[in-house]
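Here the structure is laid out as structure tokens; the discussion comes afterwards.
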Amino acid sequence: MRTNPTTSSPVVPTLEEKNLGRIAQIIGPVLDVVFPPGKMPNIYNALVVKGRDTVGQQINVTCEVQQLLGNNRVRAVAMSATDGLMRGMEVIDTGAPLSVPVGGATLGRIFNVLGEPVDNLGPVDTRTTSPIHRSAPAFIQLDTKLSIFETGIKVVDLLAPYRRGGKIGLFGGAGVGKTVLIMELINNIAKAHGGVSVFGGVGERTREGNDLYMEMKESGVINEKNIAESKVALVYGQMNEPPGARMRVGLTALTMAEYFRDVNEQDVLLFIDNIFRFVQAGSEVSALLGRMPSAVGYQPTLSTEMGSLQERITSTKEGSITSIQAVYVPADDLTDPAPATTFAHLDATTVLSRVLAAKGIYPAVDPLDSTSTMLQPRIVGEEHYETAQRVKQTSQRYKELQDIIAILGLDELSEEDRLTVARARKIERFLSQPFFVAEVFTGSPGKYVGLAETIRGFQLILSGELDGLPEQAFYLVGNIDEATAKAMNLEVESKLKK
């Protein structure tokens, strides 16, 4: 049963109708609360602890009911630090799940898991709120249209195209460029499509969250002069937050995105950085609640938790949510239960390679490991499909020959294989691209490359028309015309040196 947004914020009950409990036990972020007989709160109800600590500081902690233990006890997980809480403190049952502000008032603002603004720009209009726990849309409401979502990033659009209203995973270990790729996608999509985005920062670095906010202000995605004209809402539950906040912040972001889809009937982009931290927070909470761990120490409810989040991210007849999720891969092991469970829900995977990052090829997207259900001739067309397959075949052949080259050298290869290697190296470099958000690092202005331009460029390389150009001419350029211009400049420079 889907609940619609309400037009009033959840109010803590008045003194006469308050359902009061008392803290019986505190284990880190987990509280046991005793309620009067027959007054037990429901699962997922929000509880509020108000009072003062031993030095007189005001305490206001919101918790969420996770278990009913019997003997009039409930076990709840805190959404903020439990410092200063004591046994015997009063706990108020709000009688409803956590609800957060939704709609136009959220654009250009930063929120925490509770939907409270944390950007020092004053209060937010909370007349329209929505509970963070909802069921997924019914089958009859779903939209099954297949269409490509152009990103302007060559390697993505050609080899693993994104589906409009689909779910995309960015897989990679630490430091290979997941967050930079997400920032570039937000930038390109806001400029090219003019759509609304919601960014959920789940358990990532606070510094990155701050950088992203500043970047958005500079690029105009967040309009400081007129906040209402901004194109993005930000929801942060970063590394320093308790596991309860990190576990629920993804749902807060999703609830805001659902409102734009269902009520405003818009196409929305939902970015989650990082979905692994959502699983990790769930694992911490599961251990604190006393559940028996499953494979590799993860929670036994891993698939259920992931499914309840992912199934709400979908396209309906009203609008679509296209979700791009960064997935940290522990120890670069794709068979780890967290990334493996995520794989099952995705329409496309963009796998980032440490080998390519070490070569300085950015975005470090692996052309052979990245996949998409959209790369079919009936969806993308014969020309796109054939070009993508030939690029993959050439890259695969180069990969197979690398051992022979390392042992015997290039001269021992046949003429045909030498030509394949030369073209594969050009393709590898042409798959790199200067990003708008990385201009400060690369010194090169960012480039947005349309799909037709991308296909034309790779067809020219594969046809052999550009065999005479040096491979460094293809590195960090936009379309193929820039590569030929760069080759001419390199030739002029080399002549001047002589």
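Easy rule for this one: first residue shown is 1, then count along the chain.
Even glycines carry a Cβ here, placed using N, Cα and C.
Here is what Swiss-Prot says about this protein:
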type    : residues                                       : note
BINDING : G172, G173, A174, G175, V176, G177, K178, T179 : ATP binding site
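Each of the binding-site residues G172, G173, G175, G177 was scored by other CB atoms within 10 A of its CB, and the lowest score goes to G175. Same-chain residues that are not part of G172, G173, A174, G175, V176, G177, K178, T179 yet have a Cβ within 8 Å of the Cβ center of the ATP site turn out to be Y328, L352, A357.
Non-local neighbourhood of A174 (ATP binding site): Y328, each in the same chain, at least six residues away, with C-beta under 8 Å from its C-beta. Taking all protein chains in view, 25 other C-beta atoms sit within 10 angstroms of the C-beta of K178 (ATP binding site).
Note on V176 (ATP binding site): other Cβ atoms within 10 Å of its Cβ, all shown chains, come to 25.
Within 10 Å of the Cβ of T179 (ATP binding site) there are 22 other Cβ atoms, across all protein chains.
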